[in-house]
Amino acid sequence: MDNADPNEPVYPCPICGRKFVKSSLEKHESACRKLATLHRKPFDSGKQRANGSDLTYAAIKKAQNEKAKNGGVFPRPQTNWRERHGNFIDAVSSSKRVDYALKTGAPLPPPPKTAVPSDYVQCEYCSRNFNAAAAERHIPFCREQTTRKQGGKSSAGNRGLTSNNYRSLPSKHEGRKQESSSRNGSAERKTTTRGRDGSLSRARRDDSNDLTNRRKSLETRSQLTTGQANNRTTSLSAGTRPALPPMTPSSKRSSSAKRDLPPNPTTHQRLKTPAPKTTTTASASRSGSGSSSRTRTRDESRESRLSQAKSNSRNNSRSRIF
């Protein structure tokens, strides 16, 4: 190959049309003739790219077809970069004005207007703006929601509650008026009387007489209740206690004397009748005997202690002598 002359003429292959030197064209023709007779399927690079990736074969095939339509070149997306750049510059300048106003104490500038991109699509139902891909999803959903709200589809449970099927309830003040009118009507019915000629005549109510009668009835009831309460005897039931009499020398007795008294003496007996002498003497003798026995035991214990101490002292003195 190094000895080949660059000025040597080349000849095209009659099968594939490529050009070769005369020496290599003979070798190429035999190989190219064999390949032309074979019918191999063309290699699809889209399937190889689709394996092990998030892309689908249909999306890759669609891109290849678009590329073939445009002469092997992908169409560049039309972007409104100039408009976006202008919006960005306006936002930066407005923020600088706010910072300057905060530092100097000047009044704050008005907020910048939010510019909607020109390629956005406005929804005719909610008047919001979306890009083309989002508008395709949003507009059908928004249309369905608005038709559902405007149609006023009532649920099956509320069909019975229509204006024709139920009577509207009265308001708060109307209910009070109806109650007062019904009461007045019942009172008027009671006071109506029939005359001799058959005509109905209503008797006039005297409010002052009614008030006096009610007061009298209340006074009589209160008097009856107070009289009954005074006439009741004091009982020892649960929750009530009889009034205790004043303390007198005769009532100040010992516990032993109170035990010998009758079980349920009345208040008059306690005040008038003194306690029997026999019981007092017996109780006094009992109390005296009890106190004398206690003093005897104390004296005996003291004497025993003294005698024991004396014996101990004698034993100690003898042990010292011997």
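Note: Cβ is positioned from N, Cα and C throughout, glycine not excepted.
The Zn(2+) 1 binding site feature in Swiss-Prot is assigned to Cys13, Cys16, His28, Cys32. Annotated Zn(2+) 2 binding site per Swiss-Prot: Cys123, Cys126, His138, Cys142, in sequence order. The annotation compositional bias 'Basic and acidic residues' is assigned in Swiss-Prot to 171-219, 296-305. The annotation compositional bias 'Low complexity' is assigned in Swiss-Prot to 278-294, 311-322. Sequence annotations record features per position, and here Swiss-Prot assigns region 'Disordered' to 144-322.
Locations of recorded Swiss-Prot features on the structure.
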residue	record	Cβ contacts under 8 Å, 6 or more apart
Cys13	Zn(2+) 1 binding site	Lys19, Phe20, Leu25, His28, Glu29, Cys32
Cys16	Zn(2+) 1 binding site	Cys32, Ala36
Cys123	Zn(2+) 2 binding site	Asn129, Phe130, Ala135, His138, Ile139, Cys142
Cys126	Zn(2+) 2 binding site	Cys142
Exercise for the section: Run through the Cβ atoms and count how many others sit within 10 Å of the one on Cys32 (Zn(2+) 1 binding site). Expected result: 17
Fill in the blank from the handout: DSSP assigns the residues of the compositional bias 'Basic and acidic residues' (296-305) as 10 helix, 0 strand, 0 coil
Fill in the blank from the handout: For Zn(2+) 1, residues beyond Cys13, Cys16, His28, Cys32 with C-beta within 8 angstroms of the site's Cβ centre include exactly Pro14, Ile15, Gly17, Arg18, Phe20, Leu25, Glu29, Ala31, Arg33
Problem - Env. residues of Zn(2+) 2 site, Cβ within 8 Å of mean position of Cys123, Cys126, His138, Cys142 Cβ - result: Glu124, Tyr125, Arg128, Phe130, Ala135, Ile139, Phe141, Arg143
Exercise for the section: Would you mind pulling the DSSP three-state label for Cys16 (Zn(2+) 1 binding site)? Expected result: coil
Completion exercise
Using a 10 Å radius on the Cβ of Cys142 (Zn(2+) 2 binding site), the other Cβ atoms enclosed count 17
